[in-house]
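Worksheet for the structure shown next.
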Amino acid sequence: MTRSQIIHFFEKYRLLIAAILLLFLTIVILQVNYNKNHMDNFTVDEYFTISTVHPKFDPENTVHRALNGPRVFTYLFYPGALVGMIGHMGANIYAESWDYPGHNYFIENYQTTGAGLAKNMEDPNLRYFHYYLKLQSILLMFLTFIPLIFYLWNKQKFISMFMIATLIGINMLLLEQRSVFYIEPLILSLVNLLLWLYLYIYDSTKISKFIIVLAAFLFALTISLKFSSLFIIVMIGALILTKANGFEARLKLFSLIVLSSIFFFALINWNIFYSKEVFNAVIHDYFSNFWHYATGNKGLVVESYKLYNFKGIIRELLPSLGGLIFIFPVLAYYGFKYLHTSERIRWGVLLTVIIASVWFIIKQRVYFDRNILPFLPALVLITGILLDSVINHLKRAHYLENRRNRAIIYLVLLVTIFLPVLLHANYLKTIFPDAKRNVIKFVTDIPDSSQRSLVTIDFPLKEAQFGYQDVKTLPSFPETDGNNLIGMFQKNINELEASDVIIIKEIGNNKQLTTYLLPTFYNSNKQFASYFVFYNDPGKIKGLEDILAPLKGKNSTLHWKGSRPIRDDLVLREIHTVKNNKSVRLYFRLTATGYQPESLHGCRIYFHAKPKTDDVSSLPEERIKYGFDGWDFTVSPDNMIKYGKDIYIFHDFNPTLSSYEKFSFGIFRGCTVSKDFSVDNIKL
């Protein structure tokens, strides 16, 4: 290709290329950045979409409030999501096994109840699984806009083309809904294809059987996602029938459309026909949605609910249409006035169908703001077409030949669209979130920071400590192999404390920490893009506060504090006693030093109290011959709590004396034995 040919190519297609690049920016790049800063976004409705790919579900124990449309896309995107997740997973076959990653990890760890989805979002690996599901959905949406963009470019509807490319992706509700993997972003993609199909068929004098079968497939898949787009499907079906001549030809065409749609619907929703019981359950679950929408739920009860719903729709459309939404009746009047007759029919029918679909939403007692999203592209498209019509009329009237007039018109148009959006509080921060800023804000808000250390790994900080007692910096996790990975795990975990707050960027081999080691020892984590924050939240450990609170009271005595290895994977840190009314509670604080410490459940600990020589005779009669008191006990979930890598073991005992020469302890059976350890001069 010569230089002149390249120049000619870009001159011819420059507006189309610009529109597609702008579309990629707003639909993909903007959304990916938003999703990276909202990695743990989820909705309980994802339960109906994602969890049913788990092998434990079959048609008989699946909730069918949503048909198989969303699950078709889950099955389609599932391999890509697993590949994406595996790329971030730590460990290797020496630390785990071939059975650890990918599908097996999903099966073993994915919570399959609606209530369990929040737990999934605490697992960095499963967060990545969700992220890559959503990423594929975003790319699908981008691709479904391209036929519309090309159509508008070909028809020289440039204002509408650039509105589609710009104003849909910046809608805040759409940004929020695309940060979860559910129905609305998927059905919006299909409505894009239906809009293109409508425009293509409208322009065609004859249509092929392929287009008819394609339409039938899109009809079946769209209805399998949600019934809200029914009017659009009926409109396209009726348009197809107008392409046939005569009653007999239309009857054959109608039969082909209906039978093909039923075939694809049955293929997509094969589980409906699994058994009579399943068929009845599907009918009940799916059509109960109509009852739910018509009668209301536990949400806000509004007397004038139709007006309330209408205001809600206006609010959600404002970021995409701006002030145009308030002058739409005037714009529609003049826009249709200046259109050719055939164009009036084309866009008038589409507008009527979209208004009917929106009215269907408004008249429901249950209002979900996301329900307007499938019709957002059509509303922006029609508004753009009407603007094109008005602008073209001004061109024909030679009003825009004057540069000043042209500048005023386009400036007024831009201000009308974007000013209400830009005046919105925190709009730019919402659609352009900054990961580092979010990390710093989150770390600053973690409670009890003055009693914690802040640890950074590949996250440079300035002098500020954000209220933490000190700031430590650790190096990146080194490149490892089968020989040194486990040793590096042990080294890293030994450098951290349970009370630490860790900021780490997932670069290089840091995934060994972010998705494997640190989630084991820290019960809370937050992710913004490639930045992670790990910390322990005492409130998440049931009973921890109640059990440890007495250690801070006046009846608490610290008998020993330090660092004494008692086993290869255990270090003794503290020994306390707390005196109660009828007994005394003994506390050990231990630290696990291995990256996979052996469970202490079932360990038998001896606990001997040697009295002073003069006090031996005061021991219980059965203990005098031994010369010491004894309260051996077994470690169980009832007397042990883990807090990060710290382990608290407690035991209630009834001492005979108020003071002893020595307490002696040691793990002697039930698990790996420990070294003996003791404390002298005990006063209770």
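Every residue, even glycine, has its Cβ placed from backbone N, Cα and C.
Database features, via TrEMBL:
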type: TRANSMEM; residues: 12-32; note: transmembrane segment
type: TRANSMEM; residues: 75-95; note: transmembrane segment
type: TRANSMEM; residues: 131-152; note: transmembrane segment
type: TRANSMEM; residues: 158-175; note: transmembrane segment
type: TRANSMEM; residues: 182-201; note: transmembrane segment
type: TRANSMEM; residues: 213-241; note: transmembrane segment
type: TRANSMEM; residues: 253-273; note: transmembrane segment
type: TRANSMEM; residues: 317-336; note: transmembrane segment
type: TRANSMEM; residues: 345-362; note: transmembrane segment
type: TRANSMEM; residues: 374-395; note: transmembrane segment
type: TRANSMEM; residues: 407-428; note: transmembrane segment
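Most Cβ pairs under 8 A with the transmembrane segment (345-362) among the ranges 12-32, 213-241, 253-273, 317-336 are made by 213-241. If you look at the transmembrane segment (317-336) against the transmembrane segment (12-32), you find fewer than three C-beta pairs under 8 angstroms, all six or more positions apart, and that falls short of contact.
Annotation: stretch 131-152 has the most Cβ pairs under 8 Å to the transmembrane segment (12-32), among 75-95, 131-152, 253-273, 374-395. Of the candidate ranges 75-95, 182-201, 253-273, 182-201 has the most C-beta pairs within less than 8 angstroms of the transmembrane segment (374-395). When Cβ-Cβ distances below 8 Å are used as the criterion, the transmembrane segment (253-273) is approached by residues 59, 62, 67-69, 72, 209, 212-213, 215-217, 219-221, 223-224, 237, 240-241, 243-244, 279, 282 of the same chain, each at least six residues removed from its ends.
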